[in-house]
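As written in TrEMBL, here are the features:
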- 38-513: domain 'Peptidase S8/S53' (DOMAIN)
- D47: active site, charge relay system (ACT_SITE)
- H275: active site, charge relay system (ACT_SITE)
- S465: active site, charge relay system (ACT_SITE)
- 538-654: domain 'Tripeptidyl-peptidase II first Ig-like' (DOMAIN)
- 681-772: domain 'Tripeptidyl-peptidase II galactose-binding' (DOMAIN)
- 809-992: domain 'Tripeptidyl peptidase II second Ig-like' (DOMAIN)
- 1062-1108: region 'Disordered' (REGION)
- 1062-1074: compositional bias 'Low complexity' (COMPBIAS)
- 1098-1165: domain 'Tripeptidyl peptidase II C-terminal' (DOMAIN)
Amino acid sequence: MASDLSGIVESSFPTGALVPKAETGVLNFLQKYPDYDGRDVTIAIFDSGVDPRATGLETLCDGKTLKVIERYDCSGCGDVDMSKKVTPSEKGTFKGLSGRSLKLSAELLALNTDKERAVRVGLKSFNDLVPAKVRDNIVAQAKLKNWDKPHKMATANASRKIVEFESQNPGETPKLPWDKKIIKENLDFELEMLNTYEKLYNEVKTSYDCVLFPTENGWLTIIDTTEQGDLEKALRIGEYTRTHETKNVDDFLSISVNVHDDGNVLEVVGMCSPHGTHVASIASGNHNSRDIDGVAPNAKIVSITIGDGRLGSMETGTALVRGITKVMELCREGRRIDVINMSYGEHSNWSNSGRIGELMNEIVNKYGVVWVASAGNHGPALSTVGTPPDISQPSLIGVGAYVSPQMMEAEYAMREKLPGNVYTWTSRDPCIDGGQGVTVCAPGGAITSVPQFTMSKSQLMNGTSMAAPHVAGAVALLISGLKQENIEYSPYSIKRAISVTATKLGYVDPYAQGHGLLNVEKAFEHLLEHRQSKDNMLRFSVRVGTNQAKGIHLREGVQRKFVDFNVNIEPVFFNDKEVDPKEKFNFNVRLSLLPSQPWVQCGSFLDLSYGVRSIVVRIDPTSLQPGVHSAVVRAYDTDNVRKGPLFEIPVTVVQPHVLEDNQNTPIYEPASNRADKSVEFQPNTIQRDFIQVPDKATWAVLRLRITDPNRGNDIGKFFLHTNQLLPNQSCRKLETMKIIGVNSEFEATATFRVKANRILELCIAKYWSNHGQSHLKYSLEFHGVAALNPNAYVMHAGRGIHKLEIGALVAEEIQPLLQLKNAAVVLKPTEAKISPLSATRDVIPEGRQVYQNILVYNLNVAKAAEVALYAPLFNDLLYEAEFESQMWMLFDVNKTLVATGDAHSHTFFTKLEKGEYTVRLQVRHEKRELLEKISEANLIAAYKLANMLSFDFYDSYNQCIISGRKITSAKVRETTKMLYIAPIAQEKLTKANLPAQCAWLAGNLIFPKDEGGRRIALHPFTYILNPAEKKSTANGAANGAAANNASPAAAAAVTANGAKPKAAATPQGATSAANSAGGDGVTLQSEVPANGGGGAPSSPQKGKTSADDYAESLRDFQCSHIAKCELEKAEKIYNDVIAAHPKHLPAHLQMIQNIESSELKSQLPFAFLAAQQNSNKEGDNANVDKPKEDQQKQRSALERIVKLADIVIKETDADALLSYYGIKNDTRPDAAKIKTNMDKQKNNLIEALSKKGIALAKLCVLEDNLKDHLAELNEVYTDIIKFIDATDTKAIQFAIWHAYAHNHYGRMYKYVTKMIEDKRTRELFEEMAAINSALGYEHTKAVIDRMAVTYFPGGFRLF
C-alpha cells in the first residue's frame, strides 16, 4: 500500500539552479529579447577539447544546424607523422608502420585519388588522447571482455600441471636430477609468465596503424582499431572541417581528425579531460529547456584544445599560439570568432612582458575578439589572480566565482541556504603589479554535460573555470543583440559595459568580485544607450612607473611617507594601425579625475588628445592603519558622466603590523573586542592580517582554538592561506594553503615557512559552506634560525671547509641536518637545428612564420634511477617567457617516447631503466635570430640518489679538519654561532654511485630542533663537485679527492692546492695477463701462462724475447680482423694464423663469428623456423631450386661451425678447468695470473659449446629431426651448466634453443625475458609472441604484439 507523501516530499526540483542564469539577469534578458540568444555568434573554447556528441552540444536551437563547427587539437599531442608513402599491391596489401600487413578493399582502393595510387602510413599511440581515469576504464573494459576468462583458465591449467608434476616427483626442486629440474623450472616459469602479464596488462599502451589518402571529398583517414590489418573493418573518418564526423575508437573514446601540410601530418583530436565539454555546456548548451540550457544556447562553438595529454592536461605555449593563430585565420576568412573563453591558466612570475600575452593582446586589439578568462582558484589571499587575465594589458575580462543560495540548494544539497557570496577559494585582486585582474564575478558552479567517455550525462564542477563561460555566454548574448541591432561595438565597449553595470555586493569581499556580480540586462541597456559614444572603439592605456605596471601596489614594509607615481595615459584605437589618421587627429576628450579615497590625490581634470599624457598620482598612506586599503582613480568624460568611468587607476596599499622588538618570542595576536580575545566568523568570513616578518625569522606557528562553550567535537572548517610576495616571483613561491578543522577541545596548530623582513599575509577564512557562527582565538608565533654569511647555502668541494654563521631570532635549540637528495648532470646539446614550422599551422597572419630550434641531448643512465629533466634558461616560465615553447621529449634507443616535460618539469621525476636515451627540446619563436642565441642551452638531468648523503657538523675548524669531535645539537643565543662542514670523502662519493659527469648535488639544510620547524624551515643547499678528471690518479681517487684513508678535509686541501699523490711503484712481476684469449695450447692450473704479460708495451716480460712479443701481437691483430673481413679474406687470415699458431683456439671462435655474420642470421628458434617456411613458400616456378640451394648453403655453414667448435672443445681440458674452479683458496704467488688464464679458457670453452649447440639445433630444424638429436643437445647443455648458469649471457642463446628442442616454452620465456632486460629489440618481442602462440595463449600473444608495436615506433614522435 503506497503511502501518501503529498505535502511532505517536494515534487518540483530547482532545475534552474543546475546551470544558474537568474543571478546575472540572463533569464530576464532572454525573456525580453528571445532572438538575442547567441545566434550569429561563435565562441572559441580554449580548453581540453569539446565533445560534439555530448548532450546539448549536438545542434543549435533549430535542431539541425551543427553547434561545434570546428575542432582542433593545437597541442600537437594528437599529431601523427604521415610523411611516409607506400603503394599497395594490386590486391591492396602493404605494410604498416606497426609491421603488420594491411589490406585495402577494392572499394577503398577505388576512393583513392592520389596520382600514384599511393597511401600515407603512420602510427599513433592513443594512450594520451583521453584522461588517465578514462584510460583506466578503457583498459578495464577490454580486460574484462578479452582477457580475464582465457587468462584465468590458462593460469589454472599451469598451476594444475605443477601440482601433477610435484605429486609424481616428490622432494625439493634443487635435489631433483637436472632433466627433471628443467621440467619443473619450465612449469614454474610458465606460471610466472602468466602472472607477470596479468600485472603488466594495465600498463600496456595501444598504438594503431593510420592510413591516409585523398578522395574526391577530401582526405580519408583509416585507423586499424582491429589490430588485424583488415582495413575494411577499421575505423574510417573524414576531415572534421568537411564532414564534421566524430567516431568512436571504442566504447569510451570518440575522435575527429584534421589533415595538415598536404597530408604529411594527421591531427587526431581527442580530449584530455571532461573540463572543456563542461565549460562549453555552460556557455552554450542547447537542451531546449531554458532551465538547463547554457547561457547562449544558439551560439556556435569552435573547440580549441590547448591542454596537452602528454603533460596530463597542462597547456603549452605551442598550443596557445597555434590556437590564437587559428582564431586569427578564421576571422580573416570571414568565419568570425566573436568570443574566446579560456578557463585555463598558471601563475606568472611577472606580467608586464611575455610573448603569449602579446599575442593575446593582439587578438583583442586587432581582431576585436572578446577574451574571457577565469581569474583562478587560488584565494582567499590577495594578489592570487592567475595568467590570464593578468597579462601586460588589461585587455581581457577576468571572472571570479560566485555561489548563490539557489545553487547551494540544487547543486550542493546543503541543509540550509546561506546568503550569496563568492567561493572561499576564488582568486583575489590586485595583480602583483597593482592591476585589476577580476572584472566581474559570476556563478562558479554547474551540473551540466560532460563527454560520453565519462559514462555520465552530467557532472557537478565548480571553480572560476565555470564562472568564465557564464560570462562568455553572456557576452555572446550581448554581441548577438548588437549584431541584430546593427550597433558597432568593440571588446572595449563590451568590457566597460559589463564593468559599469555590474551589481556591487556590499557584504562580499571586494577583492574577489571585481566590479560586482554580472548583470547582462543592464549591460545591454548600457550598450544601447551609449551606442553613439565616441570612445566605443578605443581603449585607454594606463601605465604606472618605469615598470609599466597596470596599477599602483604598495606592499613593502611600513609606509611612513607619501609616494608620487607617474602615470602615463594614452588613447589607443581598435586596430590602431589601420585607423583613419583623421580620426586620431580629431580625437579629444576632457576628463574629470576622481579618487575614491582622500589618501589618493591627483589633478581634477585632464584634457586628452591622441597621444600620451602623464599625470602624477600621490599616495599618502601615513594615516592608514595596519591592514589592506584600496582605492581607485576614476576618469569620467565630462560630456557624458552618466556613461561611467572611461578608465580606472587601481590603488592598493598594505600597512603591516610591526611586532615589538624584545627578547621574547615575537607573537602576533589580532585585535578583539571580546574578553576571550576571539574573532567572530560566519560562513565565508575572511580575516586578513598583514605582519612585517621579524628579522631572522624563518618559520611561524599558528595556534587556533574555538572559544565557544559547549561545542564539544563540533568542528569549524577553516581555510588557511598565507602568502608573501617576492620580487619577480609568482604568488605561489612562498605560501601555505590548507583546510584546518578547529574545535573547542584541542588547540589546532599549523607551521609554515616565512621570509624575514617581508610582509606576510595571514588569511583565515571560514569555509563558505561551513554552517554556523564560530569564535576563533588565534595567535602567530615567529621563530627563526638561519645561516647569515653570504653564499652559506652553496658549498664548493674544492674550497675545503665550509663555514656557516648561524643566527637566531631568539634563543633557539638547533639540531643541524644536511642531506643531499639529488645529483645534477649538465647535458650539452649535440645538435641544434633551426627550421621553419608548418606553413599551414604555424604562420601567424600575415606571413609571420614561426621557427623552431630543436636541441638534441644524449643521456646515459648507467643504473636504473628516477630522473627529472629541465632547461634552466626556460624552466618555470610560460606566459611570461620570451619564447613560446620549451617542450622536451625523452626517447629510449628504440625511439619510444618515455617522458615529456614543459614549463615546470624540474619537480617531476621519471623512473628510467639502465640505457641510452635521447632528449629532444623544441623552442619556438617567429624571430629566427632569437632562436640562434639559445643553440647552446644546457639541459639538467637531476637524479634522485638511492641513499641520501649526509654531512657531519663541527663547531671548531680544527676538529673539522681532523674529523674529530662532532656537534649534534646546540643552543643559539644572541650572538652568532659558527659551524663547519667538511667536503664529502671520495669513498663516500664512490659508494653513492653518482651519475657520470655529475656537476653538483642538491638537498636541504635544516637547523631547528623543533619538529614543526624541521618539517618546514628547509634551506635548499647545493654542493658543487670538483670537475671530474679525465684520467684517474694512481691511487684511484676521482673528482680531485685524495686517498681513501685521508680525512675529507685533507683530501679537499690536497685538491685545492692542485697537488696529486705520487703513484705507488708497481711490484716486480705484478703485470697483468696478456689480452689474448687463451694463448697457444692449453695451460693447466699448475702452470704459468705461456703468454702472460700485458703490462707496459715497452717492458717485455721476463723470459720472452722481443720477437716473441711481436709474433703474439701480430697474431692477436690478425685474429681481431677475422670476424670483420669478408669471408674469403677471413679464411686466408685464419689459415695464416693457424699455420703459425696451430694451438691458438680464439682463431677458431673468430672464424665462427665471421661465418655467422656473413652466412647466417642470428635468429631465435621460432624466427628461424618461420624464415625457413617463408623461404619454401617464396620458391616460384622460375627458380624453384633456390630455397633448396639456400638451405644447402646454410647447412654447410652450420656444419663448419660445429667442426670449428669441436676443435676448441677437444683442445680444452674441461676436467682441469673444473678442478681449478673447485679450489676454494689459491695461495700460489701467481694466483692472479693463473685465474686470468683459466677464465679465458673457460669463456672460450663455453662460447664453443654454445655455438656448437645452436648450430646443431638449427641443423636439426633444417632436417626436421630435432627430437632425434636431443641427447647431443643435452650433452652440450650439461657441459655448459657445469661452469655457468643457463641464464648467463654467454650461454643464454643456446639455452633458448635447448628449451625450444624440449618444447619448454616456459624456460624460453624466462631466457628471452632476461635478454629483453639487457637490451630491448623487436626480434625478442616477436619471439616472445611466438612462444605464447605455441603455448596456445593467443590472448597474451595479442598483448605482446601490442607492446612490440608501441616499443618500436620507428621514428621520433612529433612535437
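Along the chain as shown, residues are numbered 1 onward.
Backbone N, Cα and C define each Cβ position, glycine as well.
Automatic, uncurated: that is what TrEMBL annotation is.
Between the domain 'Tripeptidyl-peptidase II first Ig-like' (538-654) and the listed ranges 38-513, 681-772, 809-992, the one holding the most Cβ pairs under 8 Å is 38-513. Between S465 (active site, charge relay system) and H275 (active site, charge relay system), the C-alpha separation comes to 8 Å. Along the domain 'Tripeptidyl peptidase II second Ig-like' (809-992), the predicted structure has mean pLDDT 94. The Cβ neighbour count for D47 (active site, charge relay system), using a 10 Å radius and every protein chain shown, is 29. For the pair formed by H275 (active site, charge relay system) and D47 (active site, charge relay system), distance between Cα atoms is given as 7 Å, rounded to the nearest Å.
S465 (active site, charge relay system) counts 26 other C-beta atoms within 10 Å of its own C-beta, drawing on all protein chains shown. Helix first, then strand, then coil: DSSP counts for the domain 'Tripeptidyl peptidase II C-terminal' (1098-1165) stand at 46 helix, 1 strand, 21 coil.
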